[in-house]
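A.B. asks: Pulled these features from Swiss-Prot for this protein:
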- 73: active site, nucleophile (ACT_SITE)
- 76, 133, 169, 240: beta-lactam binding site (BINDING)
- 1-28: signal peptide (SIGNAL)
């Protein structure tokens, strides 16, 4: 006859089995994701950095997430957010007009070039920088703030000790291997993007404006967005530079799930290498599987 003591012991073991199984399953899933990212990186011939934050429980998926990568145009999010922060204490700031001269134009100016010998508001510059990756718009935002170091100072005010902006467009895109200028890590950028878009780093009106700009991005259809179900809502900012550097940072709203924050950075050993947005799409598909 089974004694009460033995019965209690068996019930205790049986009760813990689902937990043990769950832990083992999660561990196996995590290993599988890491292995898939490693295989993707190996097949690409480059270096891949990924950081995903699941805001439902703040769990993370990380791959080379503490290594530095050139940000390229993903740094535009920080510059635009810094201007939005200023507008919290000056409700008319975003309507301030900035002169656009022909001499201001650099290598990519799809919006600013239409306003040469005219003006754009800071709000229009923010939209141009984030939704069209307009480099002149980025430079105007940086100039308004007082230089690249002021963008870095804004990051520090948010508790981001990793982000650093040293140059303006287009030189911030040189992405030279080992060069710390204009770099961050995937994890640092993911944490800051979360704070800016889903947290308290900006007041509600400014936060909503940043999210609206990101959701309206026109340059990301082949990057993170391409690896996600079409029904998911995405706000992102892409970036690219020398050494085939190909980046995308995103806030993602899956169906029936809390938002995800995903940073994908990729770079290659050859200066003239082609961009690889397909690598970012593949990484996004790997890390969001199951959500």
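Cβ coordinates come from backbone N, Cα and C, glycine included.
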A.B. asks: Are there any residues in the same chain, six or more apart in sequence, whose C-beta is under 8 angstroms from the C-beta of residue 76 (beta-lactam binding site), and if so which?
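C.D. replies: The answer is 129, 130, 133, 138, 141, 237, 239.
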A.B. asks: What other residues of the same chain, not counting 76, 133, 169, 240, have a CB atom within 8 A of the CB centroid of the beta-lactam site?
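C.D. replies: Near the beta-lactam site, beyond 76, 133, 169, 240, sit 72, 73, 74, 75, 108, 129, 134, 135, 138, 173, 238, 239.
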A.B. asks: Taking only the residues the record lists as binding beta-lactam, namely 76, 133, 169, 240, what is the largest Cα to Cα distance between any two of them, in Å to the nearest whole number?
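C.D. replies: So the maximum pairwise Cα distance among the beta-lactam binders is 12 Å.
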A.B. asks: Do you know offhand how many angstrom separate residue 169 (beta-lactam binding site) and residue 73 (active site, nucleophile) by C-alpha?
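C.D. replies: Each residue's Cα considered, residue 169 (beta-lactam binding site) and residue 73 (active site, nucleophile) end up 9 Å apart.
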A.B. asks: Determine the Cβ neighbour count for residue 169 (beta-lactam binding site): the number of other Cβ atoms within 10 Å of its Cβ.
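C.D. replies: I count 23 other Cβ atoms within 10 Å of it.
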A.B. asks: Per DSSP, residue 240 (beta-lactam binding site) is which: helix, strand or coil?
C.D. replies: strand
A.B. asks: For a quick check of packing: other C-beta atoms within 10 Å of the C-beta of residue 240 (beta-lactam binding site), how many?
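C.D. replies: Summing over all protein chains shown, residue 240 (beta-lactam binding site) has 23 other Cβ atoms within 10 Å.
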A.B. asks: Between the residue listed as 'active site, nucleophile' and residue 240 (beta-lactam binding site), how far is it from one CA atom to the other, in Å?
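C.D. replies: Approximately 7 Å lies between the Cα of the residue listed as 'active site, nucleophile' and that of residue 240 (beta-lactam binding site).
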